[in-house]
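Participant: Supplied in structure tokens, the structure appears directly below.
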Amino acid sequence: KAGDLRGGGWRLLRGGPNPNFLPRFPLQALSSLHPECEYIFQLEKEERRCLQYISEQGNRSTGCHPFWDAVSCWPHAVTGETIHRACPAVFSLFKNNTGSVSRNCTTGGWSRPFPPYHIACNVDDDIPESYFATVKVIYTIGYSISLVVLAVAVLILLLFRKLRCARNLIHIQLFVTFILKSVAVFIKDATLFSSDDTNHCTLSTFACKVSVVFCHYCVMANFFWLLVEALYLNSLLLSSFYHSRRCLWGFSLLGWGVPVLFIVLWIGSRVYFEDTECWDINEDSPYWWIIKGPIVVSIAVNFMLFINIIRILIQKLNPRLIQFNNSSQYRRLTKSTLLLIPLFGTHYMFFNFLPDYFNVNLRLCIELCMGSFQGLLVAILYCFLNQEVQKEVHMQWFRWQERSYGVVSPAAKGSQMDTPF
């Protein structure tokens with residue numbers, strides 16, 4: 001059925017009477033339908049409505065009979081009548097359009113649609129394929145670069161003993177979630193799009209379900225560790241985090257354990273109530289909120305923490321309130337915090353209040369393309385631009401020079417770790 005619809009809708013855009021082709025979109029979306037699947041399933045819904053309408057109309061001996069042309073439903077018409085149909089809503093997946101298509105009822109039956117769908121609805125069948133292919137290339141490059149840079153950042157923070165503080169341990173676990181998310185995306189793409197002949201809309205294997213579950217867990221853990229980072233920064237600014245190491249277990253439970261709980265609940269709901277396809281189709285599924293709900297809440301909490309951090313910083317940076325001893329500490333923290341806060345997922349707040357399919361092209365660009373480089377930005381800001389990390393790397397470099405060549409740099413003698421935490 002899906003294969004017939006796959007051929008039916010797209011080839012008809014060019015006005016062909018026997019459609020048999022639809023470009024395959026090699027794209028995965030982390031929290032919604034694959035664009036191709038969404039296209040197919042929306043057409044399936046429209047077809048079911050049309051067939052029900054046709055059955056209710058009954059057989060009429062005169063005029064043109066109602067029929068489904070794989071894109072739109074055409075009603076009964078008398079000979080010589082012209083019927084106009086608005087562009088199908090499914091085309092809004094690619095471009096906003098308000099055009100219409102017409103057919104004449106002739107003595108020989110229905111005429112071809114005029115103007116053709118791709119002209120009337122301003123849809124080019126080459127645009128979606130090239131667009132989604134470009135998006136896939138961009139996010140593949142983004143996740144690959146992020147994976148390598150994050151791995152280097154984790155090694156740096158683990159190798160140097162002086163950098164093993166509570167703050168950096170939290171950073172490391174955030175880095176790991178970005179690494180796992182990148183790996184999960186590659187695994188999911190390899191599983192669902194390993195072959196051009198694979199119909200990922202109806203694929204239902206144990207391997208593909210495991211890849212989807214792993215991907216959802218990694219994404220969820222990533223959001224919760226971003227929440228941990230925001231909570232930790234709030235605690236630092238409030239000067240209420242004196243025993244940070246004692247709270248690491250609590251943060252670990254929040255970042256790793258809570259997503260496990262919701263993922264297990266979601267798996268159970270899919271197994272017993274909605275064991276369809278590869279579990280990556282979540283349209284109209286109430287069980288999807290078991291995963292989406294906590295993520296939305298974490299984003300909302302992060303946004304509120306963002307506002308609170310800005311409020312605290314404005315207060316603490318008041319020259320009349322800053323003491324001489326801690327002024328440098330707050331200014332350094334302010335610089336790093338203001339750079340890191342936009343990476344807490346606050347940009348997702350914009351999409352939380354919009355329909356799931358609002359401006360899919362822009363949504364995919366932000367969530368997949370820009371999101372794939374988020375790990376890279378976090379690694380640069382949390383690690384490579386961090387003054388403590390830079391000083392420790394320089395000190396280790398100077399010590400290596402001293403051991404190898406017997407040269408002691410003046411910078412090495414004067415360098416001291418000045419971390420306030």
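Cβ atoms are placed via backbone N, Cα and C, with glycine included.
Okay, these came from TrEMBL:
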- 49-125: domain 'G-protein coupled receptors family 2 profile 1' (DOMAIN)
- 135-386: domain 'G-protein coupled receptors family 2 profile 2' (DOMAIN)
- 137-160: transmembrane segment (TRANSMEM)
- 172-190: transmembrane segment (TRANSMEM)
- 210-235: transmembrane segment (TRANSMEM)
- 247-267: transmembrane segment (TRANSMEM)
- 287-314: transmembrane segment (TRANSMEM)
- 335-354: transmembrane segment (TRANSMEM)
- 360-385: transmembrane segment (TRANSMEM)
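So where do these features actually land, and what's packed around them?
Facilitator: For the domain 'G-protein coupled receptors family 2 profile 1' (49-125), the mean pLDDT of the prediction comes to 82.
Under 8 Å from some Cβ of the transmembrane segment (137-160) lie the Cβ atoms of residues 168, 171-172, 175-176, 178-179, 181-183, 185-186, 189, 368-369, 371-376, 378-380, 382-384, 389, 392-393, 396, all in the same chain and six or more residues away from its ends.
Long-range neighbours of the transmembrane segment (247-267) within the same chain, counting only residues 6 or more positions beyond its ends whose Cβ lies under 8 Å from a Cβ of the stretch, are 166, 169-170, 173, 177, 213, 216-217, 220-221, 224-225, 227-228, 231-232, 241, 287-288, 290-291, 294.
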Participant: By Cβ distance under 8 Å, which residues at least 6 away from the ends of the transmembrane segment (210-235) in the same chain are close to it?
Facilitator: 30-31, 167, 170-171, 173-174, 177-178, 180-181, 183-185, 187-188, 190-192, 241, 244, 251, 254-256, 258-260, 262-263, 266-267, 278-280, 291, 294-295, 298-299, 301-302, 305-306, 308-309, 312, 337, 340-341, 343-345
Participant: Under DSSP, the domain 'G-protein coupled receptors family 2 profile 1' (49-125) has how many residues in helix, strand and coil?
Facilitator: 18 helix, 21 strand, 38 coil
